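Here is what TrEMBL records for this protein:
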REGION    1-36  region 'Disordered'
COMPBIAS  14-24  compositional bias 'Polar residues'
TRANSMEM  86-112  transmembrane segment
TRANSMEM  132-156  transmembrane segment
TRANSMEM  168-190  transmembrane segment
TRANSMEM  210-230  transmembrane segment
TRANSMEM  350-375  transmembrane segment
TRANSMEM  395-416  transmembrane segment
TRANSMEM  472-493  transmembrane segment
TRANSMEM  513-536  transmembrane segment
TRANSMEM  542-563  transmembrane segment
COMPBIAS  621-631  compositional bias 'Basic and acidic residues'
REGION    621-648  region 'Disordered'
Amino acid sequence: MKSIPHHQAASPHTEATSTHNYPNLTDDDGKAPKDSVVLPAYSTMDLVDKDPDEDDPWNLPELQDTGLKWSELDAKGKVMRVLTSIVKFILLVGFLYMFVCSLDVLSSAFQLVGGKAAGDIFQDNAVLSNPVAGLVIGVLVTVLVQSSSTSSSIVVSMVSSGLLEVQSAVPVIMGANIGTSVTNTIVAMMQAGDRNEFRRAFAGATVHDFFNWLSVLILLPLEAATGVLYKLTKIVIDSFNIQGGDNAPDLLNVITDPLTSAIIELDKTVISDIATGDPAARNKSLIKIWCKTENITTLLNITVPSAANCTIGVPCWVEGNKTWTQINVTETINLERCNHIFAYANLPDLAVGLILLALSLLILCTCLILIVKLLNSMLKGQVAVVIKKVLNTDFPFPFGWVTGYIAILVGAGMTFIVQSSSVFTSAITPLVGIGVISLERAYPLTLGSNIGTTTTAILAAMAAPGETLANSLQIALCHFFFNIAGILLWYPIPFTRIPIRLARALGNRTANYRWFAAIYLLLCFFLMPLTILGLSLAGWQALVGVAVPIVVLAIFIIIVNLMQTRCPRYLPSRLRNWDFLPRPLHSMAPWDGVIMSGMAFCGTRCCCCCKCCQKTEDEEKGGKERKKSQEMYDNPALTRDNEPLEAPKETVKLTGLCLGDTVS
């Protein structure tokens, strides 16, 4: 008999079972041979429960080149590979251009659908005086217009006109910072086809959300209690003799405007006019019809009741029984009509907005899918290795900590170039999904984009007229210092990088229950802000009466969850798990069953997509169960104590081969 190799030796229980039931593995006396080796017992259940070949889904995938190496190609093959790479690069640039343009059109569509409603929301100054209400109004308006720059400019207009104080505008700016992160969350949902890609992409998008929400949870109460951001920016404004400058550089729009202007052009002053209380703006359309106009100011003679009604410095005279004076009258003359698609369409703003919303989402999804496919085909072999090393490798010790801060500067610079944090974060989200950029590297890039979008606002504020320069610049600086304070809270110390851990946990949850991504989007950016706004309109008593118990309950659940995982012995036996609650209150599995049943019903009536996805998941799950069952069946050590230890002949042969013996 052959001895069992050391690395294939089974546990004593396995060997005893084999000796008792399989006589071919014993000597003539029925005992195990003397030269057999008995090793210490160890459990093999972990090897069955967890597939050793299964990779960590958070590890960056290896994008390996499956084609021929460059040295193995002939001259024709090398020429074809170069030409193919050039064509792929041109297509990638084209799809990226269409992707950015679709984001611009998506923003215009949201403004057409909800722009006037956003102006009406801003008009209620009594509600804006409540910091919590101001925060959620900033979130809702930015989600409606899909642009934090637009919502910030509305706030600046209201402050400049004296309708809103700077101190009341600070929470609105915080809300705008949260609302701008909805775009890349929508983009991440387009990668729901692949489970692991969706896990990484959704985490890469929502790390921005968690950073903004956590920063607001700390800084909004601090600002409401002390006014620290208002006072700090006031000191900066008063300390420097700031002069007005030029407009913010218009870099990306120079490239995208030829296409987007041919589709739609908006008159964004209408939203600001509604917010500032101009009644005539309600009857105006957001769609720009005349692109070239001229204002002509003329002096008009009018009558006034008496000379006391004449303006000082303006001619005033009496003719007969009438007193005359002169006033300036400005008349707008339309010179040239716009050339975009909807310039001659007699459609309401809502209809045009819905058409553009569907069109932009279709182009956005298509371009994103094609960009991901092209990147997967291009980032192979040595190219992938170089790119991943450049993006994800830290500086050597002891300067590794500098890498993250350089990434913050890169994110700020790129956002300054494209003039939109939504565009930049939406562009890196699919790269996180396919594994080119790690979540740990995407986090500082996102923080940098928050700073980059504020620098653009600062330059835009410096172009304001002299009488409104101080207030405009102070609001822009509040936005800047808010993001700087958030970075100081959640980045310098690795332990405080809580947004990464929260985004990773949410990514795992949405990978298992992909429908939860839509629930998260609706809850965080629509339902919760609308609920808080409604309670704010009802009065602070209603807001406190409803919000305080919910916040206390949430804090209690978080503390109990942490103690359940770290120190359960300090909890009462009933609170060591949530099994005493109905299952739908502590598990998503029942909800998943209901939603998947509804999707399956919809799939049988509408399309076969849901049914195919469900079939694939069932086959994958069934394959794992069959594999586990086969391994336990073939290894007698994994049988239960009350099960018989007899096995069919084919099982004996397989067990003997696994143990390294020849079976007669």
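The count begins at 1 with the first shown residue.
Glycine residues also receive a Cβ, built from the backbone N, Cα and C atoms like all the rest.
Long-range contacts of the transmembrane segment (132-156) within the same chain: residues 106-107, 110-111, 113-115, 117-119, 121-122, 164, 168-180, 182-183, 216, 220, 268, 271-272, 275, 419-422, 453, 456-457, 460-461, 464, 468, 471-472, 475-476, 479, 525-526, 528-530, 532-533, 536-537, 543, each at least 6 residues beyond the stretch ends and with a Cβ under 8 Å from a Cβ of the stretch. Taking Cβ pairs closer than 8 Å, the transmembrane segment (472-493) reaches residues 152, 155-156, 159-160, 166, 169-170, 173-174, 176-177, 211-212, 214-215, 218-219, 229-230, 232-234, 236-237, 242, 404, 408, 443-444, 447, 450-451, 454-455, 457-458, 460-462, 464, 499 in its own chain, all 6 or more past its ends. Across the candidate stretches 168-190, 210-230, 350-375, 395-416, 542-563, the maximum count of CB pairs under 8 A to the transmembrane segment (86-112) is reached by 350-375.
In terms of C-beta pairs under 8 Å, the stretch of 210-230, 395-416, 513-536 lying closest in packing to the transmembrane segment (168-190) is 210-230.
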